[in-house]
Amino acid sequence: MWHYLTRGAGDDRTVHEAQDAWNRYRLRPRVLRDVTSVSTGMQLFGAWQTPIGIAPTAFHAVLHPDGEVATATGAVAAGAPMVLSSRSTRRIEDVAAAISGPWWFQVYLMRERSITAALIERAAAAGATAMVLTADTPYVGHRARTAALSRPLPLSDEQALTNVQQHLPEGAGDYWDLIDQRADLSLGDIGWVADIAELPVVVKGVLRGDEAAACVDAGADAVWVSNHGGRQLDRAISTAAALPEVVAAVAGSVPVIVDGGVRDGFDALVALALGASAVMLGRPVMWALAAEGAAGVTGLLDELTAELRHAMGLAGAARLADLDRSLVTGH
Ligand SMILES: Cc1cc2nc3c(=O)[nH]c(=O)nc-3n(C[C@H](O)[C@H](O)[C@H](O)COP(=O)(O)O)c2cc1C
Ligand SMILES: O=C(O)C(=O)c1ccccc1
């Protein structure tokens, strides 16, 4: 499990660079601003108390007996956005029941489109307020080092198939093939997801300005700068390096979200000042879930949010809207 979570594709070059890349920026604080009360409140396909949220990650039942239900419970208590993975080990409806407010659903296009469509419909019916289409995984990254080190995940077929079982065609032989990733996903799929869900679509896994602009032209309602935590294309650039180019290219037409190597409130502050509207956490949520369940997830999100709030005040920003590009230098 440790290897599955921590490592990435190839030689882990992209994984190793992720955290250092945020640390290459430095802050240019404002002074003599009233920072008596600092708010981290944020609106993005829902209203939240913090712009620090939960990136979609697979198979939470391996980390905690309550799986994604515990993660969702932890997110709600922190007022943080949560993105539920297509590879959730808890039923979409059961996770949604743990959340009274908004949440987002991550879409993997599976080989059998009708299964993906059914998951999208169920998520929308259960109260999701946005769809996150993962674009960087036409097939899963080559994780040879992990494979050499790891044993199979302690995950039963029943857990892995929780959400798809009911949609498998009668007598389907190789169902693993039906739910595997599609390699032919395209810009047209943004509209495909939007039409089924009747909800905004975020495209996750964008690392270039021109690609972000193409997504917006194709109807994306937000773009999410991500290299999938270094698990897809090794030697892909860091998200800290890619973010400014993407922000410049979309020029305020849609919100930009970012993840990858964000580990404290200062990383979050840098990302928000560079123009991100929200900053998402992958692995840290999994550590917190494994260690302390829902309370661990809330504790993690609260701690990073408190750190962000304190740093915002010292940088002279009382609201997220006060954060701008002039606050950061470097890279
Ligand atoms: C174990 C693991 C499973 C993941 N599963 C998914 C997934 O199901 N869907 C998806 O879009 N991204 C998935 N991701 C990528 C995350 O959403 C996110 O992009 C990445 O973890 C962010 O980097 P960080 O872990 O450094 O915070 C996964 C990442 C990890 C570590
Ligand atoms: O491991 C991953 O990063 C991931 O996104 C994934 C893809 C397919 C199945 C499970 C997880």
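Each residue, glycine too, has its Cβ placed from N, Cα and C.
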Message: Of the residues R87, R90, R143, only one is listed by TrEMBL in the glyoxylate site with Y4, H228, R231. Which is it?
response: R143
Field: Span of Y4, R143, H228, R231 around glyoxylate - largest C-alpha separation, Å
entry: 13
- request: For S226 (FMN binding site), name the DSSP secondary structure in the helix/strand/coil scheme.
  value: coil
Message: Fewest other C-beta atoms within 10 angstroms of its own C-beta: which of the recorded positions R143, H228 fits that?
response: R143
Cβ under 6 Å from ligand 1: qualifying recorded positions of T134, R143, H228, G282: T134, H228, G282
Query: If one measures from the C-alpha of P56 (FMN binding site) to the C-alpha of R143 (glyoxylate binding site), what distance in angstrom results, rounded to a whole number?
result: 19
